[in-house]
Amino acid sequence: MTTINIGTIPVVINQNADTQMGEGTKNIFPIVKDFVDPFADLEMRCAERVKRMGELCFSKKGRYITMIPKPDYIKAREKEQREEELNFQNSEHVLNSLDTTCTPEHHSSRNNGMQVSFKTQHYKRTFRKPRIQAKKRDLKGQHTIHYVAKELLSIVKKRDMVLEVVDKRKHANFATFRRYGKTYGMHITLNHMVRKRRRVDVTLNKLMTEIAMHCAIPFECLNTLTLRKGHSGLVLQTETVPNVHKIKSKITIVRGVVNEGNIPVLIDARKKLSGRDMSTIREFSAGDLFWKGYNQTFIDNRPTDLNHQCTSDLNVTQCGSVMALLTLALFPCGRITCKKCVENFLNQNNKERFNNASVFINQVIQLLEKGFSEFKHSKEILLMFKERLQMENPATDQCMEIAKATAALPEAPFSHIKEINNVLLKYGSLSNEEVGGASKHLLEVVRYIRNRTDSIQRNDLSKFRNKISSKTHINLDLMCDNQLDKNANFVWGQRAYHAKRFLSNYFNEINPSEGYDKFIFRKLPNGARELAIGRLIMPTNFEAFREQMKGKMIDNGPIGKDCVSRMRGSFCYPCCCTTDDVGTAVISDFKMPTKYHLVLGGNDLAKYIKLPTDTTGNMYIAKDGFCHINIFFAMLVNVSEEKSKDFTKMVRDQIMPKLGEWPTMMDVATACWQLTVWFPDTLSAELPRILVDHKLGIMHVLDSYGSISAGYHVLKANIVSQLIKFASDDLESELKYYRVGGDCNFGSRVRIDTKFLLKSIYRPDLLERIIEHEPFVLVLAMQSPAVLLALFNSASLEKAVQYWMHREMQVSHIMTLLAVLASNVSASKLLTTQFEIIEASAPQILAEMDKVHLPMHSIHSANVFLMNMSESRETDKTIDELGFYSFKKSSRILMEKNLNGGFGGAMARIRIVGTVVFNKAVVASASKIFKLCNPTRRARYKRQVHNLTQVIRGSDKTTVTCSEGSGCPFCRKED
């Protein structure tokens, strides 16, 4: 056995020593009987590592590279593809021949036709040309300069720009390019082209000469046999120009021709001319032709009726510059001789012309102000031209709306309005005749309006029109998805719970099982209105149903003075009855009843909102005299759920007690106005339809039960913001005094609250409820100094201040004012002085009450009381100044006794209870003392208790002799 080392790995080789060796060289090494791979062990140990490695590839640079290993699923997919391809190649299913005798089997009787090619005999397939990308070469040295010059010239040619070439000596040459066929000809600016006469017309610098040689064109490119005006400065190749003057240069710059022996010879602009040639040369500048036409036309057409002798005052060069600016401002073009520019200008309207020229005109005006201050007239011309160009009607949409509104109205004044509207649409391109015609039509419109205004001032209502709007009022609160359920019904949410304050106080329940007979007639102060609630029971017969759906007409007469409202002489249309197109009053018809709904709007635009329902399934109808509660119910729809509690409490506790039954429309509008201050969202709340009964002076707020009585006028007010106009004192209207509901007896509420206050003075539980829920009841204590002092002495006012200090500072401030007032009253002993102190403080407390905005019932009572006291004081002040005595002052003692009646009874009961408790305590304590003390001390203790008893009972005696009938606990015989 032989052991050899391969690297660091030992390998054992077994040798057979008995094997015979041959004579050749092939037997020189020992023959291994059993071959063993020396790397097997190494491969086995490195197998896992090699498995994680990729394939070993041979790179082009002679190195081995290990590739990224492939995932197993890719190796499996490649293996499947190789096997599939190998199977396909080894498959024997190969088509060797085609049997032409076989007839194909027809599976369908339908003729499938045959394939026809559109190729002709001249068809030749076009092979796709390979796209060869040109390699960009890096420009270096002189190539860069040539490339930049070439690109620069290309830009100048395409954009029709002026090329300026300057050498080191700052000698500049100018050139332009003009198109001749497919090539561009270079025109160098010569002296004679700018009105300068020189022997040498141009001197080129070195760079300009090289550019001119590069841009020179042959004479044949001009497509003409002779040169003509406009060819001055053109650079031509000398070898292609006939009859050119002696010149050694390869280029010729056209200046003009000189006759030499009756032969015209072309003169190069760089050649120096003699005096004779200067006088005879015919140059090819187009400016001569321009100035020839300009001068002749100017002289022939200049005005002759001038009031002065013209002189040459302005600089001629500046005149030319200003003329060029005016020309470009009036007619933007590249060349004044270009027909394409003329055509483009004619195809533009005024708006397009203004957009194209406005920026340049502004620049020209600024340039004239800075560099040409003497040419003020040119600036005025441009401003006038600019104003003329920008004349356009910016409100064409409104004109189209006018046309739509008057399309079906051929009579005056709408026919005149149509003509005026047509003229306004054409503003910017009007003739004088059209403007004059529009003025005549406007005169007719003014005459019509003047006659109509005069008729209104004469109370002539023949021209009065107050149509119902054809557009439905959009209530965003009824369109918001968050306010609707899946059936698009309004979701009341918390509003449904708080709406019970309305339903429980101002609505009657209707049990459908008992019928509707007792709810058919709604009582009025001086009549009745028949509701359609009984028609909820419908017959199935069509004829009977149609007969049942007829209303009972009531004659309310035509449009009259009581149907309209005026404010500062003009009609206030929302507060008027509605009319049709011809001025006839719109009258109500039969209104269908519905169940469980709140109806907003009227006629065909009514919206039905499902009312909040309960488990009983009963319906609700407003009580007689309280139909105006439906207005506040409609306003509740626009109140947010968070504020619905405050809204319903304010309506129940403050608004409805003021209104009561059958208030006037002015009071209802005032109440709505107050609510909109605290709840601004209700301004856009939609109202139920309001009908006007002129015979009875009543306004009916329709509910969901409809109306059989028909023929009423219809009020136009549709939303709360329109209804509150009835609350204005400036409104001249009989409608605002019509009854809708109301109770003018405000004093009853004050008396009830006052009795409740007197009852609670010495009852801590009631007084605590007043302080926490209705603190403004304490303000009513100002009616009596005794009541006010009782609250002050019992520390009730102090408790009210402490309770509201961290809840509502304004309420706490009012309670503080009451406490200060009570302390001032306690300092006075005379009743009249106490009343004067109280009355003097009423305006201050009333001003503070106006700053409180809380949904409390007692606010109204306190405000009414304070306003009465303040106004009464102002009235009495005038009487006192005149030397008279008010009867109210003499009756104050009687009023004080009247208020102290219940208050004094409570105090008497308290004294009796106190006496009984005191006597029991004294007797219990004395019985113990008498057992322990001697007779002398007993007598002394007896006298002290007797004196204390007299003081507590209010006696003025400081020492009283004990007797048996004195009432003293000890004035009795000792046992």
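Cβ coordinates are placed from backbone N, Cα and C, and glycine is handled just like the others.
Note on Swiss-Prot: of 3-6, 335-338, 435-438, 927-930, the range annotated with the feature motif 'Involved in interaction with stylet and aphid transmission' is 335-338. Annotation note: HIS700 (active site, for helper component proteinase activity) sits in a strand segment as assigned by DSSP. Between the active-site residues HIS192, ASP201, SER232, HIS700, ASP201 has the most other Cβ atoms inside 10 Å of its own Cβ, all protein chains included. Closest by Cα distance to HIS700 (active site, for helper component proteinase activity), from the active-site residues HIS192, ASP201, SER232, CYS627, is CYS627. Summed and averaged per residue, pLDDT over the domain 'Peptidase C6' (619-741) gives 85. Candidate active-site residues: HIS192, SER232, CYS627. Nearest to ASP201 (active site, for P1 proteinase activity) by Cα distance: HIS192. Here the Cβ of CYS627 (active site, for helper component proteinase activity) has 26 other Cβ atoms within 10 Å, regardless of which shown protein chain they belong to.
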